[in-house]
Number of protein chains: 2
Amino acid sequence: MSAVLKDLTADAVSQVKIDPYPASEKIYVQGSRPDIRVPMRKITLSDTPAHFGAEKNPPLYVYDTSGPYTDPNVAVDLKKGLSWVRVNWILERNDTEELEGPTSAYGHQRLHDPATQHLRFEHIRKPRRAKAGMNVTQMHYARKGIITPEMEFIAIRENQKMDAMRELWKDQHPGESFGASIPDVITPEFVCSEVARGRAIIPANINHPELEPMIIGRNFLVKINGNLGNSAVTSSIEEEVEKMLWGIRWGGDTIMDLSTGKNIHETREWILRNAPVPIGTVPIYQALEKVNGKAEELTWEIFRDTLIEQAEQGVDYFTIHAGVRLKYVPLTAKRMTGIVSRGGSIMAKWCLAHHTESFLYTHFEEICEIMKAYDVSFSLGDGLRPGSIYDANDAAQFGELETLGELTQIAWKHDVQTMIEGPGHVPLHMIKVNMEKQLKECGEAPFYTLGPLTTDIAPGYDHITSAIGAANIGWYGCAMLCYVTPKEHLGLPNKQDVREGIVTYKIAAHAADLAKGHPGAQARDNAMSKARFEFRWEDQFNIGLDPEKAREFHDETLPKESAKIAHFCSMCGPHFCSMKISQDVRDYAAEKGLNEEEALAKGMDEKSKQFLEEGADIYHKV
Amino acid sequence: MSAVLKDLTADAVSQVKIDPYPASEKIYVQGSRPDIRVPMRKITLSDTPAHFGAEKNPPLYVYDTSGPYTDPNVAVDLKKGLSWVRVNWILERNDTEELEGPTSAYGHQRLHDPATQHLRFEHIRKPRRAKAGMNVTQMHYARKGIITPEMEFIAIRENQKMDAMRELWKDQHPGESFGASIPDVITPEFVCSEVARGRAIIPANINHPELEPMIIGRNFLVKINGNLGNSAVTSSIEEEVEKMLWGIRWGGDTIMDLSTGKNIHETREWILRNAPVPIGTVPIYQALEKVNGKAEELTWEIFRDTLIEQAEQGVDYFTIHAGVRLKYVPLTAKRMTGIVSRGGSIMAKWCLAHHTESFLYTHFEEICEIMKAYDVSFSLGDGLRPGSIYDANDAAQFGELETLGELTQIAWKHDVQTMIEGPGHVPLHMIKVNMEKQLKECGEAPFYTLGPLTTDIAPGYDHITSAIGAANIGWYGCAMLCYVTPKEHLGLPNKQDVREGIVTYKIAAHAADLAKGHPGAQARDNAMSKARFEFRWEDQFNIGLDPEKAREFHDETLPKESAKIAHFCSMCGPHFCSMKISQDVRDYAAEKGLNEEEALAKGMDEKSKQFLEEGADIYHKV
């Protein structure tokens, strides 16, 4: 993006842009009404060179999470926040009301705290809430058969103009989806029915009108989440906002703000007001800060106030570790690494200290009441996830998963959207049973996993140990993959770690989409491979997930511009190129109209002569 | 290592050391005779801190590919090469003879070429060859029931002192090995029987006495290969030798020298004389250079001379694309990316130009005769491997695989050790059938795959797109994984790319070992996780695959030495740590001798009181 944010309150941050991808243009596909404008990225491709057939290559459309920041026609001022693309949709449903101000005690207090005024977002909007007795969740609408603008937006978005690119992927490999039901074309009706049955969620708080809606479910594209957040040790608001922008630039579908340090409330406001993607949080983290880190001093009342505080800011999904029941805590005693979930350990400590059932569990229905008044989705946390290969799939983990299934049914009774969090550290051969058990216990509610990491032995490379697990579980049916950065187990990720983590997880998610046979998933691979075969170097860079890195790596050995139109690369050099022979084979077959048998039977003789006559040089000069 | 090699012929490169890993010591386990000394790396671990139980943590032993370079008692002079650890074993078999000099025309010519004298390795040994009528392959010995020192060496090496560490892994997860037959302890007899039936190979040319023997087979630890080699565009001998050293330092089990540029013969000599791991090559690359890059001018005679030239230098395995038969070439015409294997395209071009069957196929038995005179193993090349997701598992690829199965039987008739190369680009759900078909067609000969890459869309990250595929195919039964570096499709890897590629593939191989349930595979994970739980930071760095990177990442946020004994990390900060609560749970259960039920029923009350009395502070100061 244009500059590292030095100080969000300074004028310098006005009109922030995210550097657009090369050869890319932001387009909007309009829906049934003018205010349904679905963003996509259009990548313009160059023509096929003459000796490969001189074709026009139609543009490639790809999913775009970067929001208005990459739209040259929109000036974004971080101090004012993004425009409210959903505001009419919310208002016209006429089931919410604007409040006088924050109704949480803490939200009210922070709004008027002079000590934090200098770092407060300036344009705090009055929050909205469901009118008394109303339920404003997308699930509630879906179950009434109402197709919301959000659902239509998502249908267009998920299709990614695949129809316009059908020529490119019509022969794609049939997948193995293990029982998913992915239609050829995503309709608003399909989105609606998936949300109604709880098989997908649309995290979209009514207080996050800046949001470009997206969906999480096994019958849609596999999504990825990027975590950020400060800690007591490090980071500032500026850094966290910048990480959010960086995360969506590289393709994060949702962002979780896991801040545990200073000014959590204010950091979140800045992030939300500038985030075009759903924002998730773990409210117990902030609640813990409110009791100065003493878990045993947590109360339902403090937690409840925190939920309302965050719901009124616009958080789209809450991780809530309501499955950490008292009875499961002793099951962790024999583990190698005990409880590694921060939220899980907070609740375990609380349960031990009070020797009573978790207040998250006992107050679960009251939590549902709050969720449905703002349409906050549940991400039911796996507080007892394994933190080591040794602890994978143990009684504590699976016991909790069963409870999460029970809680899902309660949430659904309230029409509250729900997804389920999953492990963690799991060896490759024990991943599938996690997915199967989750589908069974939780009625196909979307699964959202951290990796899983397939080995413990590679700190510094846990984006990779976990991408292996993530691709597999995505293939098996996981709906969203929570990224792991190279810093996992070692420190807080910086900007470059966020990029590395996001791109790695885009790979895992896409590998899963291909394996599931998601319609059109292969379009981008095919476009890339065709460009590769035709030595269209610029197109190869531009089609890839990280054009900058690809170009930089190419240029390390062949920096000259001429090398980007050369029909060779630094691997083989100019004298012999593997790829070129194939074009000779193909040209010949096409020219003669031979099928393969004939080519074999009689064509080769002639080809043989022709080759020798031409000097048998397969390297054609450009 | 001590310095970047500036000039191999300068004195400065004498006594090269590879930087040892921290807290690590080279040990040797002696076999039945004094000259069987099997290297391992012993990692010394610190004690468990008092409040976690004050245990001694026994040392961890890990597989060591780094050769004498990490032995402080050995001075390696690259100009003289490594000592000949296998020489007695070879001599005492009394089935080989020393030759007067190279018997290949090219080898003879290069030895006396004044133009290359300045860069020639100084101490070229006279080559050995089987006596007339003798067969000197490990497979030949194995089939006669002879257990060679190489086999005993390997048995000790594969066991990795797992018995001494049994306490650490005795509870490891049972794996899913899809029909592999991995014994609890590897005996020399087992090595012998696996080699005899062709299910494993020991690449060990009699002219590579510097080699520390290793084995490749589905019932052994999954191995990885690192590629290096210059091209017409870039690199020098010094760089390639350095890449080899770098590759084995990070854990490469074998190295392939794929040079296609200048001074291929001399580069290879330098590498072989200094390589403690098997070296593989693709002889057709050099043969092509001998005819100035004109594939159609290749002849059996030139190729044959190249095989002998390289066999007499000591190359341990040859990639030979004898499965690229004329009849398969037209099958590639409709592909997205045609033929992407360099060797495959060379042979395809030759077949087209001459309209006749490949000389590699028609002369295959003569090739076997050469292989068995030096014990060079086949790596039967997959010249028609798919170069894109689109082309995965097509008729050309699988047709060639069937031919490779046929050739395997011929090689085995000659007692020539054989492994089979595999793809390439394959989506996740189409990988398993590759493994199954390979096992079936090739009689369980070891499979050796490149990745496979599970998507085409991430140039710059193909170590990751491929590690996903590699971990899976390793789990399914692949014996060796050929690394892919971040530079794949973009340029030649540099040193850092080699490190990134090797470590990534160590991860994939280890994830596969864990999934297969390889005995003892989980020891290192458990040691890591225990260290993690006990906040033994130094041990965490040291146990990992890349201690330097782990330490560097940790220190980015918490650089002070005191942070390495702190019971927190930068993720949560010092005020609340997830891991610590678990120790509280555990301490309590242990102290009371409660089982989980009891703990639940009556223990919690007491625990609850104790907690509150102690101030309920789970963060214990160090």
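For all residues, glycine too, the Cβ spot is worked out from N, Cα and C.
Cross-referencing B:TYR285, B:TYR374, B:TYR461, B:TYR476 with the substrate binding residues that TrEMBL gives (B:ASN227, B:MET256, B:HIS321, B:SER341, B:ARG342, B:GLY343, B:ASP382, B:GLY383, B:LEU384, B:ARG385, B:GLU421, B:TYR448) picks out B:TYR285.
Under 8 angstroms separates the C-beta of B:SER341 from a C-beta of chain A, among the binding-site residues B:TYR285, B:SER341, B:ARG385. When every Cα pair among B:ASN227, B:MET256, B:TYR285, B:HIS321, B:SER341, B:ARG342, B:GLY343, B:ASP382, B:GLY383, B:LEU384, B:ARG385, B:GLU421, B:TYR448 is compared, the largest distance found for this substrate site is 19 Å. B:TYR285 (substrate binding site) sits 19 Å from B:HIS489 (Zn(2+) binding site), taking the C-alpha atoms as the reference points.
Taking the Cβ of B:ARG385 (substrate binding site) as reference, residues of its chain lying under 8 Å away and at least six apart in sequence are, in sequence order, B:VAL340, B:SER341, B:GLY344, B:GLN397, B:GLU421, B:GLY422, B:PRO423, B:GLY424, B:LEU450. Under a cutoff of 8 A between CB atoms, and with a sequence separation of 6+ in the same chain, the neighbours of B:ASN227 (substrate binding site) are B:ILE255, B:MET256, B:LEU258, B:CYS482, B:TYR483, B:PRO493. A C-beta separation below 8 Å, combined with a sequence spacing of at least six in one chain, links B:GLY383 (substrate binding site) to B:HIS321, B:GLY323, B:VAL324, B:ILE339, B:SER341, B:GLY343, B:GLY344, B:SER345, B:MET347, B:ALA348, B:GLU400. For B:TYR448 (substrate binding site), applying a Cβ distance below 8 Å and a minimum sequence separation of six or more within one chain yields B:ILE216, B:ASN225, B:SER379, B:MET419, B:ILE420, B:GLU421, B:GLY422, B:CYS478, B:ALA479, B:MET480, B:LEU481, B:CYS482. Scoring each of the binding-site residues (B:HIS425, B:HIS489) by how many neighbouring Cβ atoms lie within 10 Å, the top position goes to B:HIS425.
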